[in-house]
Amino acid sequence: MCHRSHGRSLRPPSPLLLLLPLLLQSPWAAGAAEKHNSAGVHYATAYWLPDTKAVEIKMVLDKKGDAYGFYNDSIQTTGWGVLEIKAGYGSQILSNEIIMFLAGYLEGYLTALHMYDHFTNLYPQLIKNPSIVKKVQDFMEKQELWTRKNIKDQKDDPFWRHTGYVVSQLDGMYLGAQKRASEEEMKPMTMFQIQFLNAVGDLLDLIPSLSPTKSSSLKKFKIWEMGHCSALIKVLPGFENIYFAHSSWYTYAAMLRIYKHWDFNIKDKYTASNRLSFSSYPGFLESLDDFYILSSGLILLQTTNSVYNKTLLKLVVPESLLAWQRVRVANMMAQGGKEWSQLFSMYNSGTYNNQYMVLDLKKVTLKKSIDRGALYVVEQIPTYVEYSDQTNILRKGYWASYNIPFHKTVYNWSGYPLLVHKLGLDYSYDLAPRAKIFRRDQGTVTDMASMKHIMRYNNYKVDPYSKGDPCSTICCREDLNEASPSPGGCYDTKVADIFLASQYKAYAISGPTVQNGLPPFNWNRFNDTLHQGMPDVFDFDFVTMKPILT
């Protein structure tokens with residue numbers, strides 16, 4: 001299904017390459033590796049050659065190597081690719097920056113072909129007007145130069161040191177993908193294109209901030225277009241278990257998925273989590289969804305809050321850290337929810353404005369107590385981040401998240417009161433369709449099967465709260481909208497509980513819901529939307545995700 005022509009050019013035109021750290025300016029690859037164009041499990045090990053500052057790749061699984069792992073290209077059969085990488089556990093003693101660089105290099109090498117596909121699919125979804133490309137490039141170049149300068153100038157600051165680890169990983173991904181492209185005789189992706197992929201969430205707000213548009217009818221607004229999602233944390237009545245789940249909403253052009261398991265041997269006293277499992281995409285060094293299980297005992301979920309107050313978007317500046325970067329740094333450094341919130345709040349870009357739920361499983365003693373600090377809720381808008389401990393609400397049974405701000409200040413500044421005035425209570429926090437459905441049905445969750453069920457729920461033809469709208473429900477199917485079908489909506493679900501999380505284990509399903517007899521999504525109805533590398537039909541079951549490397 002996926003056609004790759006030799007020497008194929010990628011959009012947009014290459015910008016000036018941005019600066020890379022000094023170590024990347026040496027010859028960066030050595031050795032040959034066999035080509036892989038087909039599905040299957042592909043093993044690889046990266047070796048750091050310190051004398052030449054080069055990387056050698058061998059298609060073996062060598063635990064003495066500096067980074068090793070595999071990519072299971074099973075997208076056509078399960079809807080998911082699976083990537084697992086361990087770095088820094090080899091025979092060499094390496095700096096944290098080199099460990100992160102090699103982890104990124106190996107991921108870029110193993111997943112380069114799907115990175116190309118994913119960029120091809122997403123670029124036209126975000127760049128509707130070619131005139132915006134130069135503005136985006138200029139902003140991202142300024143933001144990167146500002147970030148790298150702070151990393152260089154503040155090496156003794158733990159926050160900026162960890163930001164440097166993330167940037168090293170990105171540099172490695174770029175060069176690893178470049179190495180793979182040269183072997184496949186493809187034109188390599190530029191650094192801007194890889195930055196573009198990682199910033200997809202941020203671009204949802206950055207592009208409108210750079211391109212003022214005339215006011216349009218709010219009635220034409222499609223909630224899934226901004227990457228909206230549904231999330232639920234459910235506590236059983238006697239605190240016997242705590243479940244957490246997330247269902248992503250966005251364009252179906254984003255359905256090229258990779259579930260990732262990382263284990264990086266970072267030696268830094270300020271690093272709280274160096275092992276994590278999360279849902280993700282090709283070329284992304286973050287989840288985007290978000291759904292993370294962290295070795296610190298934290299769980300991170302997220303849903304997007306739109307900013308209807310366009311004046312706020314004018315306050316976005318490049319001298320800031322993008323949301324994906326701040327999430328990664330907070331994930332690495334935070335021991336608890338409050339610390340995560342404080343770290344995430346630093347250098348707020350005002351892009352990818354979300355509600356984050358930080359669940360601290362260390363604060364949960366089953367059948368006994370859920371201690372203060374177990375749930376922090378964090379919300380961002382341009383110039384402002386608010387967070388609060390909402391454990392008390394969680395103790396009462398559940399926390400639901402459905403793309404409407406919880407904190408009053410964020411709700412008001414984002415423009416929701418005007419939206420409610422113009423469009424009705426469907427946009428209010430308490431009486432949005434998903435608020436009502438979660439309130440009604442969360443009590444039916446008693447086990448993993450019922451948790452999966454509520455997160456895939458769509459009974460729009462019958463449910464009075466849906467009023468016949470296939471997106472006024474937990475798992476949206478905008479492609480079934482009779483008036484104006486679009487290939488977008490809810491396209492996955494990830495579910496786990498406190499027991500599974502201790503093993504970095506989750507259940508994940510890829511594709512739009514087929515609950516209550518809904519037809520499986522088929523691309524043949526929407527062939528005008530690029531979907532390179534994807535299955536034609538999405539009708540998959542839940543898959544067990546669990547790391548297996550030792």
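Please read every residue number as a count from 1 along the shown chain.
Here the Cβ of each residue, glycine as well, is placed from N, Cα and C on the backbone.
What Swiss-Prot lists as disulfide bond is Cys471-Cys476 (among others). Of all Cβ atoms in the shown protein chains, 29 besides its own fall within 10 Å of the Cβ of Cys476 (disulfide bond).
A 10 Å cutoff on Cβ-Cβ distances gives Cys490 (disulfide bond) a total of 29 other Cβ atoms nearby, all chains included. Marked as disulfide bond by Swiss-Prot: Cys475-Cys490 (among others).
Summarising the annotation, Swiss-Prot assigns N-linked glycosylation site to Asn72 (among others) and lists similarity to another entry as the type of evidence. Within the same chain, residues at least six positions away from Asn72 (N-linked glycosylation site) with a Cβ under 8 Å of its Cβ are Gly40, Val41, His42, Gly81, Val82, Leu83.
In the three-state DSSP classification, Asn72 (N-linked glycosylation site) falls within a strand. Marked as N-linked glycosylation site by Swiss-Prot: Asn72 (among others).
Positions annotated as N-linked glycosylation site by Swiss-Prot: Asn309 (among others). Other Cβ atoms within 10 Å of the Cβ of Asn309 (N-linked glycosylation site), summed over all protein chains shown, number 16.
When secondary structure is read from DSSP and collapsed to three states, Asn309 (N-linked glycosylation site) falls in the coil class. Swiss-Prot lists Asn309 (among others) with the feature N-linked glycosylation site.
In this structure, Asn412 (N-linked glycosylation site) is part of a helix by DSSP. Sequence-distant contacts of Asn412 (N-linked glycosylation site), defined by Cβ-Cβ distance under 8 angstroms and a gap of at least six in the same chain, do not exist. Taken from Swiss-Prot, the feature N-linked glycosylation site covers Asn412 (among others).
The N-linked glycosylation site annotation in Swiss-Prot covers Asn412 (among others).
Under DSSP, Asn527 (N-linked glycosylation site) is assigned to coil, being neither helix nor strand in the three-state scheme. Here Swiss-Prot flags Asn527 (among others) as N-linked glycosylation site, drawing on similarity to another entry.
Neighbour list (Asn527 (N-linked glycosylation site), Cβ cut-off 8 Å, at least 6 residues apart, same chain): empty. Annotated N-linked glycosylation site per Swiss-Prot: Asn527 (among others), in sequence order.
According to Swiss-Prot, the feature signal peptide maps to 1-39, an assignment based on similarity to another entry.
For the disulfide-bonded residues listed here (Cys471, Cys475), the lowest count of other CB atoms within 10 A around the CB belongs to Cys471. Across the structure, Cys490 (disulfide bond) and Cys476 (disulfide bond) are spaced 5 Å apart at their Cα atoms. Across the structure, Cys471 (disulfide bond) and Asn309 (N-linked glycosylation site) place their CA atoms 23 angstrom apart.
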